[in-house]
């Protein structure tokens with residue numbers, strides 16, 4: 001009987017059931033930060049901490065979209081490519097065509113949302129597995145970014161846009177503010193609205209969702225559109241920060257975004273997701289990259305570290321779930 | 001006029017004709033037993049009624065209106081609930097969330113409709129109590145419950161929104177003897193409240209003990225449709241396995 005479970009187990013279940021936030025991820029973040037602080041005396045400086053959250057903000061926004069998609073037992077491998085495509089579209093509209101800044105912002109977001117919607121239609125109408133659809137889109141969107149930009153960076157964005165990447169009202173970088181606002185809205189949507197609950201129920205038991213009247217196909221199109229839209233937002237932040245539309249931006253960011261999501265406690269196989277957890281997961285990735293930079297570890301090793309962390313996180317989750325109730 | 005009326009319902013999956021023109025009806029407040037061998041089309045037929053499958057031909061009318069083209073949500077709102085054999089539960093969500101799945105209660109916060117977990121839990125608690133089911137807490141994750149408890153959740157969900165027709169797909173297959181009697185009593189209670197039931201079961205004794213009519217499905221067609229008092233266990237078995245009528249009665 002479930003009621004005879006040990007107090008520790010039930011406390012844990014309540015914790016996971018409520019916020020769906022993993023205690024482990026917070027512990028990992030604190031331990032990792034402690035190690036970095038011990039190894040580097042600049043790690044805990046205010047400017048470095050701002051650096052960490054600033055570099056976290058771009059793939060943090062990607063990871064929030066990823067959280068919705070993975071909650072529904074899907075996956076979006078195209079986020080990094082959509083980020084690049086959106087940035088290029090925004091730069092062409094404002095720099096090449098000299099249209100106003102707000103057209104650039106809208107164009108950026110629209111390019112992301114549109115590409116995500118195409119993913120969604122292919123997943124539902126085409127009945128193609130999301131892994132394949134978004135892997136294909138990883139190539140297609142990157143290709144379009146290269147074609148549209150002729151393979152070169154497009155410099156010279158309007159100041160209103162570069163402010164989004166470089167501005168620091170009250171000392172806080174604008175991308176960090178954008179990340180936190182996005183996370184706040186996303187948390188409410190995922191945990192407290194029908195849309196968010198249905199996303200998780202689709203990942204839990206798609207047949208049950210359909211039988212109970214959830215419009216599963218419509219939901220999936222919206223979920224991939226949302227992931228695309230947030231990739232567009234990340235593309236905007238990225239382009240604004242480096243003042244150019246960069247066709248090679250966001251390479252392998254899908255790896256970072258997926259890792260952050262899984263580290264945050266979102267179930268890789270769907271059913272349960274947490275935006276707060278994803279934020280912690282993204283910070284872990286940010287601290288890891290920043291720490292390795294401070295320790296002058298060559299960037300090539302960072303790829304190895306991120307990939308290894310993803311595999312390790314999923315492996316530990318598997319071991320963990322074998323003894324517990326979680327799947 | 002019947003509550004539910006099926007006329008020549010056809011459904012194919014590729015080259016397989018699962019339903020080849022099924023017709024029968026269910027009167028308000030009556031219990032119809034739907035029996036047949038594995039693969040006879042029982043579950044497929046029920047899923048066409050609940051809107052999970054779209055039919056290829058024929059008509060399904062409920063309460064005087066056609067159900068064709070309506071999605072599962074609209075059909076639930078019309079008053080048809082189904083307790084699926086696999087229970088159709090979201091096992092990572094709590095009991096209250098499952099009972100209200102697809103019909104979540106919301107409250108307006110700054111104009112946004114947010115899920116009202118508190119009220120859903122209170123009402124789920126009341127429903128579970130009314131059913132006399134023993135579930136530790138409606139805030140418990142459904143996957144942690146025993147099989148019988150999970151079934152109580154599925155039953156509570158089907159009965160919470162005042163259905164006119166409840167379809168039960170093998171509700172007793174996974175239950176202990178005492179629990180089986182509980183389900184059969186429940187069916188009698190529903191009938192006494194004027195709620196119609198379609199009971200799909202392999203256990204003919206259960207079907208005979210609660211049903212008013214027995215419909216036998218074989219290879220996607222209705223092979224027999226008799227009042228329970230006018231037929232016999234032997235006759236029904238003969239229809240199910242496809243023996244000739246001579247063997248019956």
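Residue positions begin at 1 at the first shown residue.
Placement of Cβ uses the backbone N, Cα and C atoms for every residue, glycine included.
Positions annotated as transmembrane segment by TrEMBL: A:21-43 (among others). Residues 12, 15, 263-265, 274, 276-277, 280-281, 283-284, 287-288, 290-291, 294-295, 316 of the same chain lie 6 or more positions beyond the ends of the transmembrane segment (A:21-43) yet place their CB under 8 Å from a CB of it.
As annotated by TrEMBL, transmembrane segment applies to A:49-70 (among others).
Listed by sequence, the residues of this chain that lie at least six past the ends of the transmembrane segment (A:77-95) yet keep a Cβ under 8 A from its Cβ atoms are 58, 62, 65-66, 101, 103-105, 107-109, 111-112, 115-116, 119, 131, 134-135, 137-142, 144-145, 148-149, 154-158, 161, 227-228, 230-232, 234-236, 238-239, 244-254, 257. Residues or ranges marked as transmembrane segment in TrEMBL: A:77-95 (among others).
Among the features that TrEMBL reports, transmembrane segment is placed at A:101-123 (among others).
Sequence annotations record features per position, and here TrEMBL assigns transmembrane segment to A:135-158 (among others).
Among the features that TrEMBL reports, transmembrane segment is placed at A:170-190 (among others).
The transmembrane segment annotation in TrEMBL covers A:221-239 (among others). Beyond the ends of the transmembrane segment (A:221-239), by six or more residues, the same chain brings 57-59, 61-62, 64-66, 68-69, 72, 74, 76, 78-80, 82-87, 90-91, 105, 108-117, 119-121, 123-124, 130, 134, 157, 161, 164-165, 175, 178, 182, 195, 199, 245-246, 249-250, 253 to within a C-beta distance below 8 angstroms of the stretch.
The annotation transmembrane segment is assigned in TrEMBL to A:300-317 (among others). Within its own chain, the transmembrane segment (A:300-317) has Cβ neighbours under 8 Å at 24, 252, 255-256, 258-259, 262-263, 268, 284-285, 288-289, 292, counting only residues six or more beyond its boundaries.
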### Query
Does the transmembrane segment (A:170-190) reach the transmembrane segment (A:49-70) with at least 3 CB pairs under 8 A, where each pair is 6 or more residues apart?
yes
### Message
Within the same chain, where does the transmembrane segment (A:135-158) have neighbours whose Cβ lies under 8 angstroms from its own Cβ atoms, ignoring anything closer than 6 residues to its ends? I mean 6 or more beyond.
### Response
77-78, 80-82, 84-85, 87-92, 94-96, 100-101, 104, 115, 118-119, 239-240, 243-248, 254
